[in-house]
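Per Swiss-Prot, these features apply:
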- Lys14: N6,N6,N6-trimethyllysine (MOD_RES)
- Lys175: active site, proton acceptor (ACT_SITE)
- Lys201, Asp203, Glu204: Mg(2+) binding site (BINDING)
- Lys201: N6-carboxylysine (MOD_RES)
- His294: active site, proton acceptor (ACT_SITE)
Amino acid sequence: MSPKTETKASVGFKAGVKDYRLTYYTPEYQTKDTDILAAFRVTPQPGVPAEEAGAAVAAESSTGTWTTVWTDGLTSLDRYKGRCYDIEPVPGEENQFIAYVAYPLDLFEEGSVTNLFTSIVGNVFGFKALRALRLEDLRIPPAYSKTFQGPPHGIQVERDKLNKYGRPLLGCTIKPKLGLSAKNYGRAVYECLRGGLDFTKDDENVNSQPFMRWRDRFVFCAEAINKAQAETGEIKGHYLNATAGTCEEMMKRAVFARELGVPIVMHDYLTGGFTANTSLAHYCRDNGLLLHIHRAMHAVIDRQRNHGMHFRVLAKALRMSGGDHIHAGTVVGKLEGERDVTLGFVDLLRDDFIEKDRSRGIYFTQDWVSMPGVLPVASGGIHVWHMPALTEIFGDDSVLQFGGGTLGHPWGNAPGAVANRVALEACVQARNEGRDLAREGNEVIREACKWSPELAAACEIWKEIKFEFDVIDRL
């Protein structure tokens, strides 16, 4: 290239490392109804101003790179760039800020959680100028959420399919989670369903191992469901885990479940991936299957306060990708979950319209328009003494799932199921009569023990069991 050509080409272009603030920090910006909004908890490296850190997040998660490039002149950055439009300090934390970023809708492929996350929680989380970065919340505008199918069926359709109303649904995870033969596994399913549960469940890591291949498990569980339904007159189900090593194998398992006539299948949506999950959700809607979602691996992503992504974001992503149930913690059991935080994302799963409420960790008003809701599943270290609190916290539109709290009953699996069903019915009746379960819950359970020896035995065996540890992720 001649010196003359170099001079001409260099007009209007200045090479070098960018100061992100000049382009991506725009406090005067008025957000649009079609923007996707994000709230990031930003911990900059020492010496990095808050405005520069927030602008860097906006740049690196949208159109930016570390230097000026020639091809910037071939597009409209003002149209496509992310904008850090507000920054606020985090109370009680030194050198930590909430950076609010607005993204134009055109940056994202329609109906793709995979593409949404690849941008917003992609390479920016490894950016050296940031000591830590956490995505606290997203606002998904109707213009984007309407490009998703969402849950295969939703809460009301599920209740109609099951013909069960006015109470939480009851479930049980079969234990031990690994090692049972398919026939013994099916036996446990039958005993729990016959005893009064609505659902039983494969644990998240039950796929197709040498001790129990998936096809054998599916057949024996279908037999157990049919037998329990015939004996009880109630519609029953077992979450058959279709998660597999390939999408093709996953779909093959879902097809076989449909051919067996079972009502519900299951997927581990984080380890399986959003693309696989969305494909399975579409199949479930087209073929009348409910879809239960397990969140295995979520704590790797969401448990640290300063880095990663809050579960409320993963919950919103699941509602868009598709699932009729998702595990949501218990507040009172063995797994992490503060009450206000948990109730915040439970509302984001179930309700159509959720107002901004920082006291519950909700940074943006969320309008789901007509997208069906998802039933939250309370599971993990719970037993009959927790039933009043669970009924009061989660309400009717939930699934209360007792694994060890059913199968650990001293008299066996069916009596364990009976104990849980009696405890639930007693709590629902007491609530409907106007009693305060938060105050009178233990008394309600003790009264019910008079009429149920199975419940009395369960109350005795688990009266001292508690999981009293401080919650890590507080507001």
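Every residue number used here counts from 1 along the chain in the order it is shown.
Any Cβ shown, glycine's included, is placed from N, Cα and C.
Mapped onto three states, the DSSP output places Lys175 (active site, proton acceptor) in coil.
All protein chains included, Glu204 (Mg(2+) binding site) registers 20 other Cβ atoms within 10 Å of its own Cβ. For the Mg(2+) site, the Cβ centre of Lys201, Asp203, Glu204 serves as reference, and the other residues of the chain with Cβ at most 8 Å from it are Thr173, Ile174, Lys177, Asp202, Asn205, Val206, Tyr239, Asn241, Met266, His294.
For the recorded positions given as Lys175, Lys201, His294, the lowest number of other CB atoms within 10 Å of the residue's CB is seen at Lys175. The recorded positions shown are Lys175, Lys201, Asp203, Glu204; of these, the one with its CA atom nearest the CA of His294 (active site, proton acceptor) is Glu204. When other Cβ atoms within 10 Å of the Cβ of Asp203 (Mg(2+) binding site) are tallied across all protein chains shown, the result is 18.
When the alpha carbons of Lys201 (Mg(2+) binding site) and Lys175 (active site, proton acceptor) are compared, the span between them is 10 angstrom.
Rounded to the nearest whole angstrom, the C-alpha distance between Glu204 (Mg(2+) binding site) and Lys175 (active site, proton acceptor) is 12. Glu204 (Mg(2+) binding site) falls within neither a helix nor a strand when secondary structure is assigned with DSSP, and so counts as coil.
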